[in-house]
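Working notes for the structure below.
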Amino acid sequence: MGCAPSIHVSQSGVIYCRDSDESNSPHQTTTISQGTATLHGLFIKTDAADSIPSVLAYRSRQPPPPSAGPRRKERREPGASARARTPRCCGIEAETQTSNASDKASTTEIQIGPMRLTQDPIQVLLIFAKEDNQSDGFWWACDRAGYKCNIARTPESALECFLDKHHEIIVIDHRNSRYFDAEDICRSIRATKPSEHTVILAVVPRTSADQEETSVLPLLNAGFDRQFMENSSITACYNELVQIEHGEVRSQFKLRACSAVFTALDHCQEAIEITSEDHVIQYVNPAFERMMGYHKGELIGKELTELPKSDKNCADLLDTINTFIKKGKEWQGVYYARRKSGDTIQQHVKITPVIGQGGKIRHFVSLKRLHCSNENNKQLYKSHRDEKYTEDNSQSESHSFKCKNRRKDSTDVKSITSQSSDAPSLQTRRYSSMARIHSMTIEAPITKVINIINAAQENSPITVAEALDRVLEILRTTELYSPQLGTKDEDPHTSDLVGGLMTGGLRRLSGNEYVFSKNMNLSHSHLSVPNTINDVPPCIAQLLDNEESWDFNIFELEAVTNKRPLVYLGLKVFARFGVSEFLNCSEATLRAWLQMIEANYHSSNSYHNSTHAADVLHATAFFLGKERVKGSLDHLDEVAALIAATIHDVDHPGRTNSFLCNAGSELAVLYNDTAVLESHHTALAFQLTNKDSKCNIFKNIDRNHYRTLRQAIIDMVLATEMTKHFEHVNKFVNSINKPMASEETSSHGEGNDCECTANIKNFPDNQTLIKRMMIKCADVANPCRPLELCIEWAGRISEEYFAQTDEEKRQGLPVVMPVFDRNTCSIPKSQISFIDYFITDMFDAWDAFAHLPVLMQHLANNYKHWKTLDELKCKSLRLPSENNN
């Protein structure tokens, strides 16, 4: 064995390594610079090596020795020498190492049916926290097989490297959990889309002869595909990798190629249907859907015998077809089929059996074309073609606008006319069919919009046509209102809030333990519920004198009413808005109803209790007092809004919709995992109201008024469900804010309010948007309250989320909002994310309509407060100086 290599560091930070007994061989010199190292097969395990940049490329490797044992010792010795000589040159740990096997790696040709595919060199990712014989064995095995290989040392670098390279094989060290949890790494990789075609191998420790081998099921459940018993032999590692390549990897490669076939099928103009050997429908393409009038979801999984048949076919036709195809022969002929609408159409059908495993028939592929032998089929044929035309219009005709000389090659009417002798009849068919489409009496608004844009493109300049293309692409998406979160720099607090809310007084003590402020724990003597608003105790009446102010302190009312603020505030607010008079009910009935509703709020909830309901009722009443809101709504709308605010969270369990769905609760099952809580709140409120005549506030109103009122209440409560948050906000901006801004600009602000509100009253849909926006803002107005109230609410909602996270962990449920862990959560960060993502835009829009300067000032102050806490890396609710005071 030669002498230890010498290590030198230049002034520029470049590390040079030379074996002392090979100093005369210049090609043996190793240079490690910024991001690239040229080694002859040695890992550098020194302090200097720890400072090497994060990716090392290995070239000019010498073949490994026959035995790994002696070599292991030899590979460590240079490190010892280097550690003694080499200072650290930077502070970045080498987390990923890369081999270049370009001298051996080559592409492979693979045949799948008639397709010839070319597979690039296999890429392998080794995830080992520390270098050892096993990692070396796989490294040299990759070298021998000509695979490109990366080694990652940490879970983070492993995931980053995989997302960059998309390796076909991943080998994870599962022998101990000292450095990382192998199963967690596997799950994190499996959570990414590229991993669906990746084979993941777990290296497990070797078991002794007298020890029973453990089950592989936990590994499979974690996402591993195979396990490899610890064996550092290069040949053993090589054999394992080559078997994986020729087995799973090539199979996955063929499966990936199938996406091209399905793309071709989806764009084929012939109707295609694929069934199993038992005639169960497995696939239909869009052309089939258009021809038969079904959606694929209505067909896939059904047997052909379940679909309606036409009685125009010969009695023995089906037997004849089955006789042919069961023998593996192709059948083709004319067949009558019944569409979903009940119409009978004549098709030219070709059915081809597909031989699969064991030489048995595994599938039947049917190609169907309309057989145009009568007028009915011709009409359907024209309609079928024009449906295809309208569907693909932006992908065929609109592209002809992108440059003038391409217009000649596009499939529009002009090109067909110039290139085909029968073009006049084709042109006539197209225009007559399009005329029928434009004159349809049942047409969705979005279809009208797309047709208008298509028409506008015809005579537009190129730049306008291209812009309209992009508009059409956006309009054809399903999520028109939900913004897309970026994934690169996404804040985990925002991500968790969005995931937790849209899938569906605290003070800091030691650690992250939170308890309610003293107002929550005060014990009060029993308070009798007043018969009328005039019977309210003086201490409560004095507080309620200020209820019209935005700065009204709901927590003081909570304290003096012994956690029953909803009854007292409700009596005062409902009296101010004449609710009893509108409903034609007595004040006693209204009082009994408020008592019943408040009794069904859970006082044990830290946030979703009757105090929150009273707070939302107060905010709703405040908004209803603003001039523009008042002028836009009728008395029925006001009454509906106040009732909706009162009941909007009744019987709330203190858990989110996502929790209930994950837990499989009775409510989630009842409401099909859709708006679970909001549906329950409204349903229960009406059930309780109608159950007892003493508290039925609706018993005396006209049936038509009741139905209108009920619908308005339901609509507002359902609007508080967060999955459609951005849809409601954007509709409000586009339908209310922007038209009003245009009117104000055109009239220069003179006498505009009366005209705007009058216009809104003429459009019930606009009134609905205002009511939805109003209750949404009232429901989450906490960040716009005075700072002390804002802090109290922030603590309460955080405690409720902490409790949910605790319960999810206890029950083994998915943790919906991981950042709300009471031991690690930063409440300031969560408030900043909530304000940034949900509050700012919504209240800007609401303020532009209702004019709310006080709220916006509070919002700015509170945001500054949370920002200051976050900059100080303080997880509590107040600054240290505030806590001391």
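Quick reminder: no glycine exception, Cβ is built from N, Cα and C everywhere.
Remember, predicted model here, so these are calculated numbers, not experimental data.
Annotated in TrEMBL:
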- 55-86: region 'Disordered' (REGION)
- 264-307: domain 'PAS' (DOMAIN)
- 378-429: region 'Disordered' (REGION)
- 413-429: compositional bias 'Polar residues' (COMPBIAS)
- 532-873: domain 'PDEase' (DOMAIN)
- His608: active site, proton donor (ACT_SITE)
- His608, Asn609, Ser610, Thr611, His612, Asp649, Asp779, Gln831: AMP binding site (BINDING)
- His612, His648, Asp649, Asp779: Zn(2+) 1 binding site (BINDING)
- Asp649: Zn(2+) 2 binding site (BINDING)
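Around the Cβ of the residue listed as 'active site, proton donor', a 10 Å sphere holds 22 further Cβ atoms from the protein chains shown. Residues 337-341, 345, 347, 360-370, 384, 387-388, 391 of the same chain, all 6+ positions outside the domain 'PAS' (264-307), place their C-beta atoms under 8 angstroms from a C-beta of that stretch. In sequence order, Tyr601, His608, His612, Ala613, Val616, Leu677, His681 are the residues of the chain that are 6 or more apart from Asp649 (AMP binding site) and have a CB within less than 8 Å of its CB. A gap of 9 Å separates the Cα atoms of His648 (Zn(2+) 1 binding site) and Asp779 (AMP binding site). Within 8 Å of the Cβ centroid of the Zn(2+) 1 site, not counting the listed residues His612, His648, Asp649, Asp779, the chain contributes His608, Ala613, Val616, Ala645, His652, Thr720. When the neighbouring Cβ atoms lying within 10 Å are counted for each of the binding-site residues (Asn609, Ser610), the highest count belongs to Ser610. Within the same chain, the residues at least 6 positions away from Asp779 (AMP binding site) whose Cβ sits under 8 Å from its Cβ are Val616, His648, Thr720, listed in sequence order. Mean per-residue pLDDT, taken over the domain 'PDEase' (532-873), amounts to 92. Listed in sequence order, Pro783, Ala794, Asn862, Trp866 are the same-chain residues at least 6 apart in sequence whose CB falls under 8 Å from the CB of Gln831 (AMP binding site). For the domain 'PAS' (264-307), residue counts in helix, strand and coil come to 18 helix, 12 strand, 14 coil, using DSSP.
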